[in-house]
Amino acid sequence: MGAQGTERSTNVNVTTMTFVKVVFIVLGLWFLWYIRDIVAIFLVALLLAGLITPLAAWFAKHKIPRGIAVLLLYLILGAIVVAVFTILVPVVVEQSKELFTSFSSSLGGTGPVGDFFQANVQPHLSAAFSSMQETLSQSVSSVFSTVKGVVGGIAALFIVLVLTFYMVVEEKKARSYFRNLAPAEYQPYIEHLLQKIQVKIGAWLQGQILLGLIVGCLIFLGLSLLQVKYALLLAIIAGLLEIIPYVGPIVSVIPAAIIAFAQSPILGFCVLILYIVIQQLENHVLVPKIMQKVTGLNPIISIAALLIGMKVGGLAGAILAIPLATLVVVVLEDLFKDAQ
């Protein structure tokens, strides 16, 4: 009887603790949503810190102080951003306009096929393009509105840079500060959790940028050699869609194949072969090498996080979705591991 009573009490305690943990998780998620603008700024700073920390560590090994290293990296990243906006963006905008004009004129041909497209397809395409433009404008504005929700765009950028600087230069002190906020018995766990989150998110960002750059460059090189129109635009699309596992690379083939087949059927098949070869190279060589320490998120969770992020916060939400999902998954894994 005594043994049965102890077992029943243990079961009740476990059930109660599980319920309490679930309640705390729900309340925590609600609180994060309530302060989502501030969370977005901290996530951006965490992403930048994850990107910069390994580079700052490399500088430190060569006797360059971390503070100076971070300032140098800020200058380099700023120069890259300026170069992208002054060189690549105008070309991409021009190619996008040419593509839309060419596509619209091709649908305006005479004959039954042209009439069918004008009557049934073109209105839907025009509506789709208008919707895309509206979504993009809303997404871009959502980036600024998320930032403006705290103290304005410039101030928020300054806060992000300062937070990133502190996270990188005073990495141990930052972790120690957050650790000391917790009760003494939980401090080792909090420090381990913070380090685990930083490593995973940093590894994801570094790997994703490198993977997108390599795939984008390979696509651009291949399409340029094949003389496919709008090669730069298609390469950028392919690089950006790398963020979506499995689905992204497949989706990036569609516009390239349509444009290539419009030029020549043989060229269309060559482009399909090019994308298949690059995708196989990515799956069997690049991903195993580059993404060894990646987040490890299930592809379904990644896609769901991206869709939810896009719905909630537009482009800014989509960008921050996977890092935030990684943070939540890491915390839940540790909580349920302790429960077991």
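Cβ atoms here come from the backbone N, Cα and C positions, even for glycine.
Note that the structure is a prediction, hence the values are computed from the model and not measured.
Per TrEMBL, these features apply:
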- 12-32: transmembrane segment (TRANSMEM)
- 38-59: transmembrane segment (TRANSMEM)
- 71-93: transmembrane segment (TRANSMEM)
- 149-169: transmembrane segment (TRANSMEM)
- 203-224: transmembrane segment (TRANSMEM)
- 230-247: transmembrane segment (TRANSMEM)
- 254-278: transmembrane segment (TRANSMEM)
- 315-332: transmembrane segment (TRANSMEM)
**Message:** How about the transmembrane segment (203-224) with the transmembrane segment (230-247) - do they touch, taking at least 3 C-beta pairs under 8 Å (6 or more apart in sequence) as contact?
**Reply:** yes
**Fill in**
Here the stretch out of 71-93, 230-247, 254-278, 315-332 with the most C-beta pairs under 8 Å to the transmembrane segment (38-59) is 315-332
